[in-house]
Amino acid sequence: MARAVRERRPHQDVIVVGAGAAGLAAAEALGRAGLSVWLLEARDRIGGRIRTWRDPIFPVPVELGAEFVHGRPAVTLQWLRRAGIGLIRVPEAHGLFLNGRVQAIDLLQTLRPMLERLPDPKAPDLAFSAFLEQNLSGDELTATRAMARIVAEGFEAADPEQLSVQALAEDWRPRGDAADDYPQFRPLGGYDRLIAALYRSLDPDRVHLYLQTVVHTVRWEPGHVEVEAQQAGKKRIFRAQALVLAVPLPLLRGEGECALRFDPPMPERWRSALAQLGMGAAVRVNLCFREAFWERNALLRELAFVHAPDESFTTIWHPLPLHVPVLLAWAGGPAARRLHDWPTEEIIQEALRTIGRISGVRDPGRYLIGACLHDWQRDPFAQGAYSYVRPGGLEARRTLCRPIEDTIFLAGEATDLEESATVAGALQSGYRAARDLLTALAGEPVTVPSD
């Protein structure tokens, strides 16, 4: 194989696999630097785990994947400004549904006992479930325990028995004492507008996009890569000097029918690092009603999020500050995995049952005019929502940032050290991979601005 690769002159400088936020960012930077790029995407669309759905029934765009801008990440804000996309701030108005009633809570204050007990960075790592058992017992901490589960299963989309408490501590310690320290926003008009802006920025003379091109084999040696793919039922071979892989974890680990096969196999350090990361699960049901019946309740009218740790859907939210008759039912982690094999209609009915119990409204389905469900576990090119760190895996992301023989480079939210599991992390990882690749070619450090 090595001889076959060497005998054929690469047709392009770089191949980028995956046209989500990370792959588009990498391709944009590489094309801007003057390299020729093949950008290969398995789906019939770009965007990856950003997917905005528009239906005339719904008064607002429906996000099936990423929905929020978390904090004030420079790379995301730069692209939003460049595209003229505004942001709408999400109120930090949370409620907790326990024992049949909803109460308003201050999220950070409710979590304060958990945050104060998070282990010192030098302490041994352990599963988040073990941390809860050891540190949050007692009736006076019922609300804290409930919200801690929401943090692990809902926010992180993880199984608490497989989630690193040290990794969670790294994420949550910097959030400060007030909502202003880590605000949440939604892009006006849909997240796919950011993806469209990234696509428009690609140099059409240097970056060539191929949709419905399913890569299944990567053959490589230092300085040469051959990628075998299926395109419209036919085998295609793409050759280049270097490869950027911007695909989700399960595909890199060889899981599922769309997994990647490497010849020769990827180094043990990469395989070990991939095993130390988990892929979170999420099921989301967007529902549109004839009227916002929950707003008859003065408390529910003002709550952006209601967390229900004992329900199948552990968080219900609606797009405040907009008062529209739309709700989102979210299940993450084990709750999402339990729903995975349910029929679509039964999942929607379960979301309605949860909404009915929270709102106190009997049969909320009589108000329903439209529903849209998305389970990222069922997507063969994602097989989950976003990544999390398993106990003992704090260095895994850093390991994945290091290229193989200056030839194969990883991108994607799972490889970002600061904003993993977010769009910002995906974008940053794409620019980091492009910078590392250009540095390897140049033999000296190269700066890659994000716009």
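Placed from the backbone N, Cα and C atoms, the Cβ positions cover glycine too.
Curation plays no part in TrEMBL annotations; they are all automatic predictions.
Taken straight from TrEMBL:
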- 22-438: domain 'Amine oxidase' (DOMAIN)
- E41, A42, V215: FAD binding site (BINDING)
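For the recorded site, A42 (FAD binding site), the DSSP three-state label reads coil. Each of V17, G18, A19, L40, R43, Y210, Q212, T213, V214, A229, V247, F381 belongs to the same chain as E41, A42, V215, is absent from that list, and has a C-beta within 8 angstroms of the C-beta centroid marking the FAD site. DSSP classifies V215 (FAD binding site) as strand under the three-state reduction. The predicted model assigns the domain 'Amine oxidase' (22-438) a mean pLDDT of 96.
Counting every protein chain shown, the Cβ of A42 (FAD binding site) has 23 other Cβ atoms within 10 Å. Spatially close to V215 (FAD binding site) yet at least six residues away along the chain are V17, L40, A42, V227, E228, A229, L260, judged by Cβ distances under 8 angstroms.
The Cβ of E41 (FAD binding site) lies under 8 Å from the Cβ of G18, A19, G23, L209, Y210, L211, Q212, T213, each on the same chain and at least six residues away in sequence.
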